[in-house]
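*Asks:* Starting off with a structure, shown below.
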């Protein structure tokens, strides 16, 4: 048989082995695939909404019990015991969240948004979607938020939704005997990535009761690849979340939702009346946009520095991680309990819409240490949950409630405690603390404007929250819709849009958004949508590095085992040489996981002959599908005899015979666009001149990272910094 005929047969065999998916089946298989995907979206929305409701119930009751006991001791004038109960309870909650995170699921630390965003870009960090991570994320987030740290639960809800989606869509589990054929439709990267995107949208929808905002958040911030079908599925998922939460909200409105307040599910639903504003209200809104951009970029800069310091501390061991979290908890408790003593007591207003002073429960007029008929305005913000602090700042008809000094103290406290709290080893988020911080200086600007504006101070707090969100997270469309859904006030749309645009533009002149900075600090090789200008000066051959490990079409088992044990490459070129081909030619690319599967089945041959079609019966297509969240087989776990090491393995039927390839003279910028838009993991580099080796190398995402490129070509650093120096004046010239 001639060599071309052998190659054709091998490709046909490969098609038999790998093309058994739903598209090759009949109408029943297609219906199963479509039905199961929509059904999984329904279950994602249902489960995430129930988790969000459970989180709010738990936080309201745990934090509520702590504040009620402390307030009762304050009423009895037992201030020392009240501080002891308050600080010790906060320390226990923080310690519990840190211990379960550090020892059980370290991947659950932080908000989880950078990890999910990196995964949707093609970076699969270990353990981020495991069942263990999901459980620790839920319990740890409840404990950390209840401990009065300046952290939020919206970010962890995004990670929780992604975990739920990944676990439902991982294609069953052999460990738990969940190997139903219908589940195996989703054992591929694209379907799992789509489900994780729907899960992240459901997380935002459950955290803020903002279904449309959740879809736009997934589109604008999370997903690197978007399709119209994905838009419909994510919208359906968030719609399920909205319906379930709407059904549960009546339970919260009855006062049974929490011991302390009415539940975080309705924390921002404070506006329903008409709002009127005039041209004179635009300059304060412009000022808030500029302030939000400056404060947001400063916040990102300081947070980046603090996280790098925390990384140095955390590298010393688990004890240092937990000790750092406990130190932050003790410091926070001292500030939250001590700062209200700096504020003077204010007499209760005669026209207050609620009881004044507030004793033991949430409200606008906290009594704290004040005599009867008076309240402590700073305690109303600090000695409260973050949800109720936002509600107090957003509240209408309270223009005379807060003093200038109290708002300033609260803003500085929020700003720095948020920076120092979000890097601890616990599931903590940034959304709510950023909203609280922005609302505080927004309220302060409203107090400065006073009677010169037709907007009340609560509306300025909303605009301040929007400006700080835009300045730190650099989103516009999704944040605008989320804020509108939170406040239930569409009339604020023009001012919120203006504030978000200005704050993002100002902040972009200084640094990147907070999630990108965290991803960079964690070392995730994230591929940006834009191409750096210096990439146009380079070719693919300028950045590809070696040594290149290749396999023959029929390879010795010992060679395969040696290469797998001595390298960590995920893809290897397969080359055919005479007599299998007339000259050395690239046959294709084989993955590391597929090689390990072949070695595990031990379908070896004693001679270098092509595999017969009967051998393929040992390898059903499911064996080569993408693995779930569990740990796959490792080469170190496989054992072979000396006789087996001398045998051969035919790689042809299991090789991707049509990998993406580029010529070594291709522009690096064009290669990056191809690599990112198609969603590749490997890009083969071919020689320009024939007669050389059939393949020059393999490009992975690490080869497109600026650190790698500038390390190979240091002369580009000077020109890059020259462009960065002229960037800021151009931005401000726009204004």
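Just so it is clear, glycine is given a Cβ too, placed from its N, Cα and C backbone atoms.
Since we're looking at a predicted model, the values are computed, not measured.
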*Asks:* In TrEMBL, which of the ranges 458-484, 512-538, 539-565, 566-592 has the transmembrane segment annotation?
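*Replies:* Result: 458-484 is the stretch TrEMBL calls transmembrane segment.
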*Asks:* Among 230-248, 344-362, 363-381, 382-400, indicate the range for which TrEMBL gives the feature transmembrane segment.
*Replies:* 230-248
*Asks:* With TrEMBL as the source, which of 164-183, 304-323, 324-343 is set down as transmembrane segment?
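*Replies:* Based on what TrEMBL states, transmembrane segment spans 324-343.
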*Asks:* Looking at the candidate ranges 3-26, 195-218, report the one that TrEMBL labels transmembrane segment.
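*Replies:* Spelled out, TrEMBL records transmembrane segment over residues 195-218, not the other listed ranges.
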*Asks:* At least three Cβ pairs under 8 Å linking the transmembrane segment (324-343) and the transmembrane segment (407-437), pairs spaced 6 or more in sequence?
*Replies:* yes
*Asks:* Given a Cβ distance threshold of under 8 angstroms, which distant residues of the chain, six or more beyond its ends, lie next to the transmembrane segment (407-437)?
*Replies:* 94, 97-98, 101-102, 106, 108-113, 136-137, 140-141, 143-145, 149-157, 159, 207-208, 295, 299, 302-303, 306-307, 310, 314, 321-322, 324-325, 328, 331-332, 335, 339, 342-343, 378, 381-382, 386-387, 389-390, 393, 443-444, 447, 465, 468-469, 472-473, 514
*Asks:* For the domain 'CBS' (654-715), what are the DSSP-based totals of helix, strand and coil residues?
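*Replies:* Helix (H, G, I), strand (E, B), coil: 24 helix, 12 strand, 26 coil.
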*Asks:* Does the structure show the transmembrane segment (129-151) and the transmembrane segment (35-58) touching, where I'm treating 3 or more Cβ pairs under 8 angstroms (sequence separation 6 or more) as a contact?
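*Replies:* Per Cβ check, the transmembrane segment (129-151) touches the transmembrane segment (35-58).
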*Asks:* Should the transmembrane segment (458-484) and the transmembrane segment (35-58) be scored as in contact, given a threshold of at least 3 Cβ pairs under 8 Å and pairs 6 or more apart?
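*Replies:* Between the transmembrane segment (458-484) and the transmembrane segment (35-58), contact is absent.
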